[in-house]
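Student: Shown below is the structure under consideration.
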Amino acid sequence: MVGLVPAGSAWGGRALAVLGVTLLVALARGLLPFFLGGRDLLWGQSGEASVLGVVEESRRVVDGAIQHTVRRDLSKRGLPSPSQLLSFSKLPEPTSRAVSRAAEIMEASVQAVRTRVYGKLGRSWPLTDTLPEAVLDTIANASGCRPHMLPPRCPDTCLARKYRLITGACNNRDHPRWGASNTALARWLPPAYEDGISEPRGWNPHVLYSGFPLPPVREVTRQVIRVPNEAVTEDDQYSDLLTVWGQYIDHDVAFTPQSASGAAFGAGADCQLTCENRSPCFPIQLPPDASGPACLPFSRSSAACGTGIQGAFFGNLSSANPRQQMNGLTSFLDASTVYGSSPALEKQLRNWTSAEGLLRVNTRHWDAGRAHLPFMRPPAPLACVPEPGTRGTAGAPCFLAGDSRASEVPTLAALHTLWLREHNRLASALKALNAHWSADTAYQEARKVVGALHQIITLRDYVPKVLGPEAFQQHVGPYEGYDPTMDPTVSNVFSTAAFRLGHATVHPLVRRLDARFQEHPGLPPLGLQDAFFPWRLLKEGGLDPLLRGLLASPAKLPVQEQLMNEELTERLFVLGSSGSLDLASINLQRGRDHGLPGYNAWREFCGLGRLHTRAELRSAVANATLAGRIMDLYGHPDNIDVWLGGLAEPLLPRARTGPLFACLIGRQMKALRDGDRFWWESSGVFTDEQRRELARHSLSRVICDNTGLPSVPADAFQVSRFPQDFEPCENIPGLNLDVWREALPQGDACGLPDSLDNGDVVLCGEAGRRVLVFSCRHGFKLQGPEQVACSPRGGAVRAPVCRDINECEDASHPPCHGSARCRNTKGGFRCECTDPAVLGEDGTTCVDSGRLPKASLVSIALGIVLVVGLAGLTWTLVCRWAHAGRKASLSIAELGGRGAPPPGRGAGQDGASGSLVPPLGPQGRTRAVDPTSSRSHVAQGSPA
């Protein structure tokens, strides 16, 4: 035994040595590439191909999540769920979707880099670490984010100086992105994220704020905000139209797209189903004692390119460039609700065959000879679904307008329709006055007037009623001209909190009135849950009954203990029994999603002073009961969500909001006015005579000119009684368009060219000279000069050419999803799918239709025909064979009968049998008998 120990020890040592070397080799093979790769990524020595691989993998992850969402929505049978309807109503137009997708690909790429570089090292991601500039550029370019992070190219033409760009870009020549569509919302205070960069407050329910957890937003709704419909107090001063105008104008200046995907990237969690916080899913948790699901679906707003997790690697590390949200619209009061905020949407909205510069109208439905909004072209959202069982309304498409939310409620669609009619009325009249104008000039001049009327009605008639005269004077004040240092970009707190004060003024009923402004006998009042989406506008009386109801019905008064009616908190977007949504909880959750600082921070911002105790809150809201409920939920004034805090304040004198929202709304309206180079009062935008005519106009006059109402209130926002408060339309001042008459100067040397195919020509004058400005429609590129000065010698001007852009050749930003193939069309492109896949609602992604390919169906049909044919042929052959067999048997029988012995005699000598069958021989063979011989022979198988 003693002799075996050394031997065993030696053997064990050799084994351990071999094992150690093996482990070292394995570790070297496994870890060395990682450390080298990490070093390369961190210190800029990685090849571009590896970075592109990360981006491409991230693209597949994001597109997979998007495709899952599209497939889920397309496969939905029956009525959509409330959360699907909400996502449909927030579906951005294609340009915004492309920007949102690019931002999510970039975010996923940076996440992947973080995981690869730091995750395998077993340590957290330090915000102070940055990626090399070359790597950042590669990610930004490959993801598609780079073009949306750079200043746009501003055209230097007479036309660009005369009319605003459809995107809002280049309004400020020194800051061309200010107020432009698809740029980040402005921050007036640094955001408040739980991790300092991206995660919302409340993402981790165990995190405490001032020693207290944040209350679930649904609990805030239940205990503070919700009020039964029957308990609503009506406004004795202002009409429902004031509320609807506020919603309409909100949709003119702000739209924040949700995440392009409704599923967690890489994790596969569906935001419609999961109750976990897995970006972009941020579900609204329900109380444990609530029946039904444990949460309400909620998707985060898409991040702007280069912000949040992606932004931590960019520029200013002291602020870490936290997550920002995108505004898909122009910030300006420019009637983008009518004309859109992108060239692609503007192209869809215009009637390109008219010489008057008209907008498209509905060709299937008319309202007593007046136009309706056109329908969206397929593929269109499935959201605009009628009530089940309603005859003649199945499959009504959504309306197409400058904003995708035009179809949400009939009252909102009514205002969109009103302004569509007003544009076409103005464009036709202006073209009649100026026969030499091109269609584009008539369109642009009418658009300019409609935009000015939006500005006048909002700043002159709407905002002072909301803020009250004193707060309006304090925060907005008189117009003193264009201020190029004023940033007009809509702020996050305005769009996400302050301007949502209008939700507290929504009446639970939509009322439709007859010509005497009485309840319409055939059109009873509708609860909001029965009034979503557009078909009632088409099938139930058109605009006039709705507008009568808006003019003569009071709005809901925003009473402190009646903040929001239960039509919005309990039955939002309900079309069936598939659940509900809660608008109040959505507003609170959206504020946290956007990183809005709390109520106290904004009070300090507006000079109102911070609150520290329950008693101070009670004093600020002047309501002990309400203050007690809020403090019981939040624990400390610092924790109160800004939207709730602003709503809880008592109304200012002759106002419909408290001091905080008056400050925030007033500040934003002043920025929208003073920071807009094309504001209607700005020098050079209109002539003095034109400004005087515009100042005479009103919303009441617009209603007179575009509906069948013979009389209206002088102030459309003042709740009015019929007939004493109504004026005949002939007494309501309107525009005298003669001041827009433009006579060509005598001896004008400009020879107008023939119409420019797929483009427009505008005669423009500036600095004492006249020029021709050429532009191409969306999808075409100008080849030749943009602008040509008129020659003193006269003569025809040779126009440039508009060439089609082949979007399908853009490999860096393919217009179609990888699941689809791109086909170039004149002025655009078309995404096509291989059967049985079909295009999803985004128009670019192919999803499974749930059926067999058409070719397979044809093959199956042909196969069935072939099988049936073969079966028939086989049956025919069998029948013929059987028939032939029977005939053969009969022939044998007949033959046997003729060769049989006479009756009474058997075969052979015994005569005992009358059988026709010959006697069997040995082994069962028949024995033939030769009648001529006494001898016999054996026959094989057949008679002789």
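In case you wondered, yes, glycine gets a Cβ from its N, Cα and C as well.
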Student: Based on what Swiss-Prot records, which one of Cys275, Cys281 is disulphide-bonded to Cys271?
Tutor: Cys281
Student: If you check Swiss-Prot, which of Cys295, Cys305 bonds to Cys275 via a disulphide?
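Tutor: Recorded disulfide partner of Cys275 in Swiss-Prot: Cys295.
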Student: Which candidate from Asp252, Asp270, Asp289 does Swiss-Prot annotate alongside Thr330, Phe332, Asp334, Ser336 at the Ca(2+) binding site?
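Tutor: The candidate from Asp252, Asp270, Asp289 that Swiss-Prot ties to Ca(2+) along with Thr330, Phe332, Asp334, Ser336 is Asp252.
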Student: Scan Cys764, Cys776, Cys831, Cys833 and flag the one Swiss-Prot records as disulfide-linked to Cys802.
Tutor: Cys776
Student: Do you know which of Asn277, Asn623 is annotated N-linked glycosylation site by Swiss-Prot?
Tutor: Asn623
Student: So which other residues, same chain and not among Asp250, Glu408, His503, have a Cβ within 8 Å of the centroid of the Cβ atoms at the heme b site?
Tutor: Gly246, Gln247, His251, Arg405, Leu412, Arg500, Gly502
Student: These are the disulfide-bonded residues: Cys271, Cys295, Cys729, Cys816, Cys831. Which one scores highest on other Cβ atoms within 10 Å?
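Tutor: The most densely surrounded of these disulfide-bonded residues is Cys271.
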Student: Sorry to bug you, but what's the C-alpha spacing from His251 (active site, proton acceptor) to Glu408 (heme b binding site), rounded to the closest Å?
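Tutor: With the alpha carbons as reference points, the distance is 11 Å.
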Student: Between Asp250 (heme b binding site) and Cys275 (disulfide bond), how far is it from one CA atom to the other, in Å?
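Tutor: Cα-Cα distance, Asp250 (heme b binding site) to Cys275 (disulfide bond): 31 Å.
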Student: Quick one: of the recorded positions Cys275, Cys295, His503, Cys704, which has its CA closest to the CA of Cys822 (disulfide bond)?
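Tutor: Going through Cys275, Cys295, His503, Cys704 one by one, the Cα closest to that of Cys822 (disulfide bond) is Cys275.
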Student: Can you tell me how far the Cα of Cys816 (disulfide bond) sits from the Cα of Cys281 (disulfide bond), in Å?
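Tutor: So the alpha carbons of Cys816 (disulfide bond) and Cys281 (disulfide bond) sit roughly 25 Å from each other.
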Student: Per DSSP, to which secondary structure element type does Cys295 (disulfide bond) belong, with helix, strand and coil as the options?
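Tutor: Note: Cys295 (disulfide bond) is in a strand by DSSP.
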Student: Helix, strand or coil: which one is Cys846 (disulfide bond) in, per DSSP?
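Tutor: Its secondary structure by DSSP: strand.
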Student: Just to verify a number: CA distance, Cys833 (disulfide bond) to Cys808 (disulfide bond), in angstrom, no decimals.
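Tutor: About 15 Å separates the two Cα atoms.
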Student: Can you figure out which of Cys729, Cys802, Cys808 (the disulfide-bonded residues) comes closest in space to Cys170 (disulfide bond), comparing Cα atoms?
Tutor: Cys802
Student: Using the structure shown, find which entry in Asp250, Glu408 (the binding-site residues) has the sparsest Cβ neighbourhood within 10 Å.
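Tutor: Looking at the binding-site residues Asp250, Glu408, the Cβ with the fewest others within 10 Å is that of Asp250.
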